[in-house]
């Protein structure tokens, strides 16, 4: 059994153990779940430390046949690009388990669900087979929806929670359906390209060149999958609802990991398999992300409800990550690692603080004049988290933001027509929105407390304070010593970008062919058929689209640039 | 005996023929024995008859199990004067129907809740369930359309009477009238079914499935043969009539003689198909299902599982196995024309209706209906593939295209059977879980009664959740394997590809409903009591639910075994029993499967080898002096992404 397999199985084992405990022992159940999450974190750190960036492209492989007749296998492995995501999951889940209300009877199912969710997330990240990935994604979607509805019914339930969970399900489940459709589409395309061989291996599938129509349709399915889980403007409404009324632990985990995981799926599945569509749709996607960022930044200045503010901060911060993901820049992809880590850790802190306000019945930050005198720790921690999101120098957020902006500006011109516009606008929006958040917190904290505020609003307890301090400390440490993680993920990201450009180039060449235009082919078959093409894929792509800096390449264009996209 | 065809040269003896269809006789004799033993049941504990019934079904199941994968069935044969048939399909469907029947018998309760009297406690339920099971097996083994009708009638009448044997339904006048209403449409459908068989007999001169495809082809050959005479008469009819009226009259007679069989056959075929679909409860006859769902739980379970297995087996035998010739399968005259639309509309309707539904038994029945719509889509795909003519379009030569279509047809057939298995197991498990609850445990159980069930009975809640999730196809449960196959078949079929989106949305809606139930079970208000009767339920329903959940997980994780179980009947499914081509094709497929198995083993070993190499590599690289600067890309890949070697039977691109 490899480490990758253990990393998936340990949370499942923890879930089974917690489920076996009596419901009357919530403290014991939470302690066991936390211990399991810490063991998982240890395994992830061990996996990362054992990863050799100069070694094999895929390390710690675990492959077992599942449905050989359909070419499906249980396949896990690490290529380096997923290490930041793994660390994010490993860090956020134990922190999320500790925040929220103290242990209470009836909590074990929530902990079982959280552990199962962690296992599913880890499996999504480590999966090397599209069906394994889809299976884990569906499990994660199911677990998330169920967990968000925790105690949403009955007399003791939280008002609005069931409705929020339903709303979230209404968005996520069509995405889950779209993923199934995508799986079938790609599998059939592979079978057609190889004369009837079924395989869902991600490495094999990324070696396919699909016809343009299939690429556009497939990428649209990916967008449906990702956009419903990210969230992306204007599909962010369910996220806001769950931030207002969802269970604290689940909200922290979903905000911290859920969106980042959707981006990961976009980069792992969407971009390599549909490079042509990904390249041509990068600008519209970046534009939507930037519009979302501007919208969220403005809302951050005006919003007074803590839960809604939290949701819009998440939307704001992910917008820059979306631009990075579609920019086709290796530097931006590398910067995405620390950026998402800062995102997850800061949002965990903000969730703890805003949900403590919710527990106290505070639905409007305007009611909190003088909050600093009543709950100084909560205010300080929230403001530090806000600074982390803005990109406090020396923190992981700063490193990530810097990497993304520089990467998009330097290398983003191949995918984005206006990399500077989108990159700078998104970064500026993040800064603007972060300032809005800080302003709201500052205004809530200053002044003398209103009469009765001390009795109404409570300070974060020691447990939650420790969690927030640890989260912020980790973000600082990773900002000060980013090399350990960046060094491991960089080669894989460079390879991924090279593959992306090559795939795009081959798709362009294949779409220019008169015969076999509507047929899926492997890169190898295409190379045999077309001869020496795509020797300099980036130059070929530039030449095809008439991008600046296009030099002459050996292969002449088969059609005018404007007619490439249908 | 000789005239009856029971004894002939080189033919199987009567004993062999009876042993071929042993499960049917076991159930029929067992039902009679149960009726007799009922006299003793009153003196004993309530579960006495159930234990006996389960024993009988168990014996029949063992008899069916022994025939699974038996090489004797490779060729398949008609027995008992071609009234019945045995092959791999019958063996697989027998086993499935019997497992479902065991579940139905097990989940039925001992006593009713309302105004129970000694008279009502009469133990006719178990014999009737066994008779319904026998009817299902007769349908599965039917080698003649009349036997199909007989089987369907035995199944329907026994199932209908079982409703009245369920004491709760009889106790409520509204439900009683609703159940009585069942009789009228049921009788009408039976008449239409029989009329369809009669028309087919009028067209073919036989109702036997032995040589049915050939007879049907002859009908169309006759039809095609007189077409030129029709043209001649249209053009020169008046001239011929003026010159030779007798010849004109004779020509008209010949044309009528050529066209009449087809004119009778097509309506007969449609009536037969419509009757079967009505019995299955598809739209526009789904209202009947709702009435059925008013019945006791085991009756609903019977209709959703045993009846489905039996009628789907008939569809596979008659429509895919015998009527898959291009003209019969495809439009404009083919039977597959409207069927995908009916299936799709039914699935969409069920997935929309289930959103508003609160009764758990109805929710499960509607989810089962969605499954059934998928099964029908896969049946249409299978028939369409088998009826495909290689036209050599695009990039595939006609020979390879025909080969591809046969393989795709077999895969779609496999998907039907796999989905059927997962459907039956999950549905029985769901109904059993509902039947295992305290308080209400029949059709009156609502979602709110199960709120907080995870706190009260965690095992039951887990089993119910797993079965529900398997019904909507959550990986890695058994339902996922079935749905993957169906979706793959739809994706292969260019005319049905668009349906994947609809099916995915259907499943998403169903998943929503299932998640709502699971959320209520795990996070619902724990203080909700379970209204209804105070008596403790029997242990059998809980056992069945647990077994179904374990099977759903096991068959999902080891889904290849499920595929292996289904692909043998599927490979012979497009041939008539006794057709020598079937043997040849099975041999080819076995070679292909063997190579597939070898690939799996080799892949497994290769992965272990690579892992070991990697470990060694990592150890060696941990020493700085031996660490190379960089490695070539080809050596860096630890898992070769190159596709597996192409199986010999599959067409090249």
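Sequential numbering from 1, following the chain as shown.
Just so you know, glycine gets a Cβ as well, placed from its N, Cα and C.
Keep in mind that this is a model prediction, so the values were computed, not measured.
The compositional bias 'Acidic residues' annotation in TrEMBL covers B:611-622.
TrEMBL lists B:623-633 with the feature compositional bias 'Low complexity'.
Marked as compositional bias 'Pro residues' by TrEMBL: B:642-653.
Using DSSP to sort the residues of the domain 'NADH:quinone oxidoreductase/Mrp antiporter transmembrane' (B:266-383) gives these counts of helix, strand and coil: 94 helix, 1 strand, 23 coil. Annotated domain 'NADH:quinone oxidoreductase/Mrp antiporter transmembrane' per TrEMBL: B:266-383 (among others), in sequence order.
Shown for the domain 'NADH:quinone oxidoreductase/Mrp antiporter transmembrane' (B:408-503): DSSP residue counts in helix, strand and coil, namely 70 helix, 1 strand, 25 coil. What TrEMBL records for B:408-503 (among others) is domain 'NADH:quinone oxidoreductase/Mrp antiporter transmembrane'.
According to TrEMBL, the feature region 'Disordered' maps to B:611-653.
Per TrEMBL, the feature transmembrane segment maps to B:22-41 (among others). Sequence-distant contacts of the transmembrane segment (B:22-41) (same chain, six or more residues past either end, CB-CB distance under 8 Å): 48-49, 52-53, 56-57, 59-61, 63-64, 84, 94, 98, 122-124, 126-128, 130-131, 133-134, 137-138, 141.
Sequence annotations record features per position, and here TrEMBL assigns transmembrane segment to B:48-68 (among others). If one looks beyond the transmembrane segment (B:48-68) by at least 6 residues along the same chain, the residues whose Cβ comes under 8 Å of a Cβ in the stretch are 22-23, 26-27, 30-31, 33-34, 37-38, 40-41, 86, 91-92, 94-95, 98-99, 101-102, 105-106, 108, 110, 123, 125-127, 129-130, 133, 540, 565.
Feature annotation from TrEMBL assigns transmembrane segment to B:88-108 (among others).
The transmembrane segment annotation in TrEMBL covers B:128-148 (among others).
The feature transmembrane segment is assigned by TrEMBL to B:154-171 (among others).
Residues or ranges marked as transmembrane segment in TrEMBL: B:262-285 (among others).
Residues or ranges marked as transmembrane segment by TrEMBL: B:297-320 (among others). Same-chain residues lying 6 or more positions outside the transmembrane segment (B:297-320) and placing a CB less than 8 Å from one of its CB atoms are 85, 89-90, 93, 96-97, 100-101, 103-105, 107-109, 125, 129, 132-133, 135-137, 139-140, 142, 145, 148, 151-152, 155, 159, 162-163, 166, 169, 209, 212, 272-273, 276, 279-281, 289, 335, 361, 364-365, 368, 372, 375-376, 379, 382-383, 386, 413, 416, 420, 423-424, 427-428, 431-432, 434-435, 441-443, 573-574.
The transmembrane segment feature in TrEMBL is assigned to B:332-356 (among others). Sequence-distant contacts of the transmembrane segment (B:332-356), counting only residues of its own chain at least 6 positions beyond either end whose CB sits under 8 Å from a CB of the stretch, comprise 266, 269-270, 273, 277, 282-283, 286, 319, 323, 326, 362-363, 366-367, 369-370, 372-374, 376-377, 379-380, 383-384, 387, 496, 499, 502-503, 505-507, 509-510, 512-513.
Taken from TrEMBL, the feature transmembrane segment applies to B:363-385 (among others).
What TrEMBL records for B:412-437 (among others) is transmembrane segment.
Beyond the transmembrane segment (B:363-385), the same-chain residues lying 6 or more positions past its ends with a Cβ under 8 Å from any Cβ of the stretch are 280-282, 286, 289, 292-293, 300, 303-305, 308, 312, 315-316, 319-320, 323-324, 329-330, 335-336, 339-340, 342-344, 346-347, 350-351, 353-354, 357, 405-406, 408-410, 412-413, 415-416, 419-420, 423, 427, 430-431, 434, 447, 468, 471-472, 479, 482-483, 485-486, 489-490, 492-493, 495-496, 499, 503, 506-507, 510, 513-514, 517, 573-574. With a threshold of 8 Å between CB atoms, the same-chain residues lying at least 6 positions outside the transmembrane segment (B:262-285) that come near it are 145, 152, 156, 185, 189-190, 192-193, 195-204, 216, 219-220, 222-223, 292, 303, 307-308, 311-312, 314-315, 318-319, 323, 328, 333, 335, 339, 342-343, 345-346, 349, 369, 372-373, 376.
With Cβ pairs under 8 Å as the measure, the transmembrane segment (B:458-478) is packed most heavily against B:412-437, out of B:88-108, B:128-148, B:412-437, B:498-523. Counting only same-chain residues 6+ beyond the ends of the transmembrane segment (B:498-523), those with a CB under 8 A from a CB of the stretch are 340, 344, 347-348, 351-352, 354-355, 357, 360, 363, 367, 370, 373-374, 377, 447-448, 450-454, 461, 464-465, 468-469, 471-474, 483, 486-487, 490-491. Sequence-distant contacts of the transmembrane segment (B:88-108) (same chain, six or more residues past either end, CB-CB distance under 8 Å): 23, 50, 53-54, 57-58, 60-61, 64-65, 67-70, 73-74, 76, 125-126, 129-130, 132-133, 136-137, 140-141, 166, 296-298, 301-302, 305-306, 309-310, 313, 316-317, 321, 417, 420-421, 424-425, 428-429, 431-432, 435-436, 540-541, 543-544, 548, 565-566, 568-569, 572-573.
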